Amino acid sequence: MVEKSLVLIKPDAVERNLIGKIVDAYESNGLKVIAMRLLKVSEGLAEIHYKEHEGKAFYKSLIEYITRSPLCALVLEGENAISEIRRINGATDPKAAEANTIRSLYAIDKTENSVHASDSKESALREISLWFPEVINKLELEHIS
Ligand code: CMP
């Protein structure tokens, strides 16, 4: 099934000029970039995006990290995109990530782990609506016409 997912190439990766290598990992696995934006995230957007982690021990350092310098937000589309992107990314903790996954190659630690991706259809819809409302609007218009 063709799906869409939200990916963030996070500040640690953008700071180390890894956007090209990371996008190549997705594209060479058959995924298509359908939206892309470089932005320095506000605390407000970071808090909404990471709402489910509020109150956890790492929450404060996660918000500081994700807002400290620009990140690259993307919408990727492809066959089983949600699970495929999570496979390409590897485990949250780079020490546990499979060889040759993005996190095994580039992540620094559990927080500065280079990439984020939606973990379900529901979170993909929520996250794409938050970061790229125009993509959702376009889908709705296509559906109506
Ligand atoms: P992400 O996939 O963006 O989703 C939540 C983020 O919180 C995660 O990647 C990491 O950046 C961070 N994170 C998750 N678990 C931990 C942890 N145990 N310690 C520190 N940071 C974490």
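Just so it is clear, glycine is given a Cβ too, placed from its N, Cα and C backbone atoms.
Quick look at what TrEMBL annotates:
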ACT_SITE  His116  active site, pros-phosphohistidine intermediate
BINDING   Lys10, Phe58, Arg86, Thr92, Arg103, Asn113  ATP binding site
DOMAIN    2-138  domain 'Nucleoside diphosphate kinase-like'
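Locations of recorded TrEMBL features on the structure.
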{"residue": "Lys10", "record": "ATP binding site", "contacts (Cβ under 8 Å, 6+ apart)": "Tyr65, Ile66, Leu71, Glu112, Asn113, Ser114, Val115, His116"}
{"residue": "Phe58", "record": "ATP binding site", "contacts (Cβ under 8 Å, 6+ apart)": "Lys110, Thr111"}
{"residue": "Arg86", "record": "ATP binding site", "contacts (Cβ under 8 Å, 6+ apart)": "Ala117, Asp119"}
{"residue": "Thr92", "record": "ATP binding site", "contacts (Cβ under 8 Å, 6+ apart)": "Arg103, Lys110, Asn113"}
Legend entry - For ATP, whose listed binding residues are Lys10, Phe58, Arg86, Thr92, Arg103, Asn113, the greatest C-alpha pairwise distance in Å: 21
Legend entry - DSSP helix/strand/coil residue counts for the domain 'Nucleoside diphosphate kinase-like' (2-138): 66 helix, 28 strand, 43 coil
Legend entry - Other C-beta atoms that fall within 10 angstroms of the C-beta of Asn113 (ATP binding site): 23
Inset, instruction - Quick one: give me the count of other CB atoms within 10 A of the CB of Arg103 (ATP binding site). - result: 22
Legend entry - Sequence-ordered binding-site residues from Lys10, Arg86, Arg103 with Cβ under 6 Å of an atom of ligand 1: none
Inset, instruction - Using a 10 Å cut-off, grab the number of neighbouring Cβ atoms around the Cβ of His116 (active site, pros-phosphohistidine intermediate), all chains included. - result: 20
